[in-house]
There are 2 protein chains.
Amino acid sequence: MTFPVIGMVGGGQLARMTHEAGIPLGVRFRLLSDTPQDSAAQVVRDVVVGDYRDLDTLRDFARGCDVITFDHEHVPTEHLRVLEAEGIPVRPGPDALVHAQDKGVMRARLTEIGIPCPRHRIVADPADVARFAAETGGWPVVLKTVRGGYDGKGVWVVRSEEEAAAPFRAGVAVLAEEKVDFVRELAANVVRSPHGQAVAYPVVESIQVNGVCDTVIAPAPDLSPELSGQAQELALTVARELGVVGHLAVELFETGDGRILVNELAMRPHNSGHWTQDGAVTSQFANHLRAVLDLPLGDPRPREPWTVMVNVLGGDYPDMYQGYLHCMARDPRLKIHMYGKDVKPGRKVGHVTTYGDDLADVRERAAHAAAYLRGTITE
Amino acid sequence: MTFPVIGMVGGGQLARMTHEAGIPLGVRFRLLSDTPQDSAAQVVRDVVVGDYRDLDTLRDFARGCDVITFDHEHVPTEHLRVLEAEGIPVRPGPDALVHAQDKGVMRARLTEIGIPCPRHRIVADPADVARFAAETGGWPVVLKTVRGGYDGKGVWVVRSEEEAAAPFRAGVAVLAEEKVDFVRELAANVVRSPHGQAVAYPVVESIQVNGVCDTVIAPAPDLSPELSGQAQELALTVARELGVVGHLAVELFETGDGRILVNELAMRPHNSGHWTQDGAVTSQFANHLRAVLDLPLGDPRPREPWTVMVNVLGGDYPDMYQGYLHCMARDPRLKIHMYGKDVKPGRKVGHVTTYGDDLADVRERAAHAAAYLRGTITE
């Protein structure tokens, strides 16, 4: 047998769901996890517990693998270069991944290749933020630490020079961006293989609550074919120009005047692509694996007119299993995806998807299930 | 968290695929496997290596579980009664499972509840087989050892008293059945929960080659709604009357004069239901788990006009991974399901499914992929 060993760095839910997608392929899955209790570590046979920030740990782990991929974007770029120099394929590679790790590098590169972004520049201090505000039409201004943010963390919307002080306290470079007056958020998800084959999923609408993704609707309702095509082409261009291998999520703002601007990039399976598990011919997880292994990619087309994903956040109920009875009985098409995580308020502990012909009905069913599991509603 | 622990006895591909289906549910999966290399043991975290025929091993394993279910039907009935007596739910329970373990018990019980079966009786010796032949219209006669057979093993089609000697050598009771003049084989698959909720999958056609399932077509082409309804009702009746919990596969003969007769029963996920992984709203594996956990069952409806499953048997090529490039490139909708087993000629090492609107096209794509992976064709 020459079935390859895939080394997955990080034991979160993305690794868990990638393992799930890899079981049918018969490939071997090796996990580097922070703890034996991490989401993916609960369901994978071959688990190495260790710290991905430690180069020796990473090298030891990688030696048993045919290719390395990631659950998150936090592995130091320089460590990845060492693995590559030792002949271990890293996918996506450090030259691509740095664009998902460092928002300053990302903005500079996207601008260079003509991809529309909000106006932006690296700012030195609060006074510099005030100058940026003056240059770009005034407050508010969005400030982001160039590294380390996710799910709304590491992002501030500030309305004055005084408010602009906080982001600088972390000692990380700070990027200022104009606050885009968007009508909604979209995501264009694509997968690209080392061969250069690429597939584009339907563009989805992503609805955030408190800076965290709440609902994803596939495809994005009432999106013009022109804008949909533009968004897919944009994502394919980014994947090609940045040399991405694997799944690339391009989070977008849609403006009132019919433009799209890039908000964020993620180079791994992404929350905006979870709907594909139940709603597309090939899931983002299966296609990420196929890309990482340089296999031909699977059909990204939707299987249903509408698929809706809603995240299940931790609420006041520690026991989400008891909600299964109600939710499964109410909607026999509902798919629950739990991550095996302890419930903490606001923490993403799972998601649900459902699908059908009638968008209002599909949204209601998905939202009800997520709220019921969380304990927000009880009937 | 009160997420339950499911104890799966047996480490074959059915356990592997049940684990895969259980990951999204967030339930914990504990495996009793003959070896650490068994198909399921390769992908499950919590593996106990031991012999299911040893009562102490089985009891130790079961103590850590909330419910016990099975990859196969070979666990001694008396062991299961001990577990039940100790308060551990066994699903399906021994009183149901015995009908899938002992073909003599199965035939007697089905006949008692009015389910149509081939004419049959337990036979004492080759001379008794000759008398059975005379009673039922002559040779050939089908002989089966009442316990231990599967995939054509333990089954003989004999044409004379001399040929009838072989089955008696095993020292196990032998059942004689008339050789049914069937036009094709069907399977009616249902899932039933302890609550008594049940769902019926579409009736499928199952095409055997050398006594081993080769192709399954869902739904069975040109099956009359009347016969389809009869088959589903029959399977639901068997599940209810025998007290089955979990997936029940009822293998059927369709006769030239439009009748259906029961061939075999299996009380676990079954090869004739593998198409549901990619072709039904809820897979047989997910519904088996839901039944075992007494959760509401998922929608069994097909998602596509036609779904075809073809088994991948071991051939002369030890390396099936190299066929992925061709197969995935040729059919972007193809789903490969490999079991992590060493390739041996004739051994089931995986299956493929694909789907679409045009049955001839779907069959061709599935058959091509299975033959290519096996090495029977090379272009």
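Even glycines carry a Cβ here, placed using N, Cα and C.
Note: TrEMBL annotation is automatic and uncurated.
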Task: One of A:Lys103, A:Lys153 listed by TrEMBL as binding ATP at the site of A:Lys144, A:Glu177, A:Glu178, A:Lys179, A:Val180, A:Glu185, A:Asn263, A:Glu264 - done: A:Lys103
Task: Entry from the binding-site residues list A:Lys103, A:Lys179 having the most other CB atoms no farther than 10 A - done: A:Lys103
Open item on the list: Validating a neighbour-count step here. Other CB atoms within 10 A of the CB of A:Glu177 (ATP binding site): how many?
Closed with: 23
Task: Those residues of the chain, 6+ apart, with a Cβ under 8 Å from that of A:Glu185 (ATP binding site) - done: A:Glu205, A:Ser206, A:Ile207, A:Gln208, A:Glu251, A:Leu252, A:Phe253, A:Glu254, A:Asn263
- [ ] Give the helix, strand or coil assignment DSSP yields for A:Lys179 (ATP binding site).
- [x] coil
Open item on the list: As a test of the contact definition, list every same-chain residue at least 6 positions from A:Glu264 (ATP binding site) whose Cβ is closer than 8 Å to its Cβ.
Closed with: A:Lys103, A:Ala249, A:Val250, A:Glu251
